[in-house]
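Features of the protein shown, as given by TrEMBL:
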DOMAIN    245-457  domain 'Orotidine 5'-phosphate decarboxylase'
BINDING   Asp251, Lys273, Ser362, Gln421, Gly441, Arg442  substrate binding site
ACT_SITE  Asp304  active site, for OMPdecase activity
ACT_SITE  Lys306  active site, for OMPdecase activity
ACT_SITE  Asp309  active site, for OMPdecase activity
Amino acid sequence: MPADIKSFCVELFKVNAIKFGEFKTKVGLMTPVYCDLRVIVSYPKLMETLTGLLVEQLTRIKNIDILCGVPYTALPIATCVSMSTSIPMVMRRKEAKDYGTKKLIEGVFKLGDKCLIVEDVVTSGSSILETVNDLKAAGIACENAVVLLNREQGGEGILKKNGIKMHALLTMTELIGYLREADCIDDSVVVKVKAYLKEAQVDASVLLKTPSEDRLKLSFASRAKVAKNPVAEELFRIMTTKQTTLCLAADLTSSTDILNLAEQAGPHICLFKTHIDIIEDFHPNFLKPLQEIAERHNFLLFEDRKFADIGKTVELQYRKGVYKISSWAKVVTAHSITGKGVLDAIKASGEGAGVFLLAETSAAGSLIDEKYTKATLKLAEQYPDLITGIVCQSPLFLQNPGLLQLTPGVQLDAKSDGLGQQYNTPDNVVRDRGADIAVVGRGISKAKEPEITAEKYKSILWDAYSKRLQE
Ligand code: 6AU
């Protein structure tokens, strides 16, 4: 058996399923070793070896009625194990539960069936726990998980605390030992990886909570740790540091007025939202002082372009023309009406960019219906590293704490504007409608004293968020 696993490790290295260098993890930290078993589907012989190794491991576990692979990498692996052992399999859907009414567990099972979880790599154990949560909710018992690689970063302990025994074929220490023996890596890599493993132990308190907890009850600081889009992560941090959830809509037509407003409201906002094409005296030089103010006051620039064309046109609108939006806006808005092309275009052009996808609007008489809203959320799910959040008027998603809900149509003094805009109060949008960030435009820009008014909105919004956490 050890000979088998050694040559299997070398093969994994050869097909780049194990890589050494400098890589960014899901949560934005750097790691010297990266394991991506997704490629294994392209190597049937390797899949066969892995199946054999897992099946051998599995013979030591008693009372297995069904198998379930953790989506997505382990799905084909579980399928092979199921075929080879004749143990039936179920499948867990990865889509967030509140996005639709579909069944979460596909396949045939009985209440109380004992399910063995199949996974490729365990770091924190959180992916296994998400799957276990859904299986348990369907009445399936889970006590064991068979995995290929234990990265030794705390996952085994976290799983144990949650009643799951992990049976790993390999530890990271064994893996690098085998690869060193086979001369795939040198001593310096071994030292680096070992030092990393010591340092990069997972913060269990955050990970244990997030899979099952509703975002409305989690602090922005803890949500920063699970955000998949870098702009969302940065925003959560700014919101926490500055204690503000206020996005200012600077819908003014003069560059000087916009710069003055940014300077005055800067200390109180996390986002400064522009409609760059309404500026009458626009010159690219205007962007430099705006960026300087944003940096000084620690807020992000947000162009509300509402991209909606075919991908190629969006690419040009995003990168080219007078405005060169991708060069200065950290985050933009997009409609979902034309589907994936818009998001593919932005993703390809803007490194580390963010998108707020519009799923509902504050406009009276909008043609958006429930079906469109649901389809928008589904589209967002397909771009976790690009989507910063959802523009909407109600708490459409609860179980994805890394995403932000951005809600416009907020004012203290007006109910509407005579042109279809509908307003709610800051407290109402945060506590009843699920807003994480509230967009306020004319409520501040038309006020006699925009700076004092911005501070007032900021503090009402923050109070509402603090109350929401405690309710
Ligand atoms: O507070 P207001 O009404 O002065 O400004 C609201 C801002 C405007 C709108 O273009 C924008 O929010 N907006 C959006 C966004 C942000 O995409 C969507 C929506 O449904 N309603 C809405 O007003 O700049």
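Cβ from N, Cα, C; glycine included.
Recorded features from TrEMBL, shown on the structure.
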residue	record	Cβ within 10 Å
Asp251	substrate binding site	16
Lys273	substrate binding site	25
Asp304	active site, for OMPdecase activity	22
Lys306	active site, for OMPdecase activity	16
Asp309	active site, for OMPdecase activity	16
Ser362	substrate binding site	20
Gln421	substrate binding site	18
Gly441	substrate binding site	22
Arg442	substrate binding site	15
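Cα separation, Asp251 (substrate binding site) to Asp304 (active site, for OMPdecase activity), rounded: 10 Å.
Looking just at the domain 'Orotidine 5'-phosphate decarboxylase' (245-457), the mean pLDDT is 96.
For the substrate site, whose binding residues are given in the record as Asp251, Lys273, Ser362, Gln421, Gly441, Arg442, the maximum C-alpha distance rounds to 17 Å. Of the recorded residues, Ser362 (substrate binding site) and Asp304 (active site, for OMPdecase activity) place their C-alpha atoms 14 Å from one another. According to DSSP, Gln421 (substrate binding site) sits within a strand segment. Neighbouring residues of the recorded substrate site, listed in sequence order and excluding Asp251, Lys273, Ser362, Gln421, Gly441, Arg442, comprise Ala249, Pro408, Gly409, Val439, Val440 (Cβ within 8 Å of the Cβ centroid). Checked against ligand 1, the recorded positions Asp251, Asp304, Asp309, Ser362, Gln421 give Asp251, Asp304, Ser362, Gln421 in sequence order as having a Cβ less than 6 Å away from one of its atoms. Taking the C-alpha atom of Asp309 (active site, for OMPdecase activity) as reference, the shortest distance to any of the binding-site residues Lys273, Gln421, Gly441, Arg442 belongs to Lys273. The two recorded residues, Gln421 (substrate binding site) and Asp304 (active site, for OMPdecase activity), show a Cα separation of 16 Å. DSSP assigns Arg442 (substrate binding site) to a helix. Asp309 (active site, for OMPdecase activity) falls outside any helix or strand according to DSSP and counts as coil. If you take the Cα of Gly441 (substrate binding site) and the Cα of Asp304 (active site, for OMPdecase activity), they are about 12 angstrom apart, rounded to a whole number.
Rounded to a whole number, the C-alpha distance linking Lys306 (active site, for OMPdecase activity) with Lys273 (substrate binding site) is 12 angstrom.
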